[in-house]
Amino acid sequence: MPRLVYVLNGPNLNLLGKRQPHIYGSETLADVEDACRALGKELDLEIRFHQSNREYEIIDWIHAAREQATGIVINPGAFTHTSVAILDALNTFNGTVIECHISNVHKRESFRHHSYMSLRADGVIAGFGTQGYLLSLRRVAKLADEKTG
Ligand code: DHK
């Protein structure tokens, strides 16, 4: 049975490829989704891939992941730096949480250096471009493999 993983994307990531390509690259979110699905097949992961500009939708997907999913890979966009509500939702989830940022947030403005998500994340990846999503999935799969022995 494939292990279920939610890949969640926050505000403005629908514009990936068009928005500040010098920071976020030229790949679109659809390209990222395709790459996640292809790797998911290889790693025996079922991928649920979502994006929203609305905080409550991200929270609802995290709730949907509870009791079902082995992991969540989340790029909350700017909600990373502001959302106690998304942190609270992640704290209701018992599986692996990987926080993934395309850019190296630590090289950018100081308001991007703080993350509410990091208080829950099992791992954080930043500055690997869209490859960070694939590395995050590999980590979720490895931890799931270790759990099932
Ligand atoms: C994406 C965003 O939209 C920003 O608000 C974050 C993150 C960084 C990223 O690097 O993927 O600060």
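Along the chain as shown, the residues are counted starting at 1.
Cβ from N, Cα, C; glycine included.
Copied over from TrEMBL, here are the features:
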ACT_SITE  TYR24  active site, proton acceptor
ACT_SITE  HIS101  active site, proton donor
BINDING   ASN75, HIS81, ASP88, ILE102, SER103, ARG112  substrate binding site
SITE      ARG19  site 'Transition state stabilizer'
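Within the same chain, residues at least 6 positions away in sequence whose Cβ sits under 8 Å from that of HIS101 (active site, proton donor) are ASN75, THR80, VAL124, ILE125, ALA126, GLY127, GLY132. Mapped onto three states, the DSSP output places ARG112 (substrate binding site) in helix. Annotation note: ASP88 (substrate binding site) sits in a helical segment as assigned by DSSP. Here TYR24 (active site, proton acceptor) is positioned 6 angstrom away from ILE102 (substrate binding site), judged by their C-alpha atoms. Counting only the Cα atoms, the space from ARG19 (site 'Transition state stabilizer') to ARG112 (substrate binding site) is about 17 angstrom.
In this view, the residue listed as 'active site, proton acceptor' is surrounded by 19 other Cβ atoms within 10 Å of its Cβ, with every protein chain counted.
There are 11 other CB atoms within 10 A of the CB of ARG19 (site 'Transition state stabilizer'), with all protein chains counted. Spacing of HIS81 (substrate binding site) relative to the residue listed as 'active site, proton acceptor' is 17 Å (Cα to Cα, whole number). On its own chain, SER103 (substrate binding site) has ILE23, TYR24, ALA126, GLY127 as residues at least 6 apart in sequence with a Cβ closer than 8 Å to its own Cβ. Note on HIS81 (substrate binding site): other Cβ atoms within 10 Å of its Cβ, all shown chains, come to 16. A coil conformation is recorded for ILE102 (substrate binding site) in the three-state DSSP classification, outside any helix or strand. Only ASN75, ILE102 of the recorded positions listed as ARG19, ASN75, ASP88, ILE102 bring a Cβ under 6 Å of any atom of ligand 1; the order follows the sequence.
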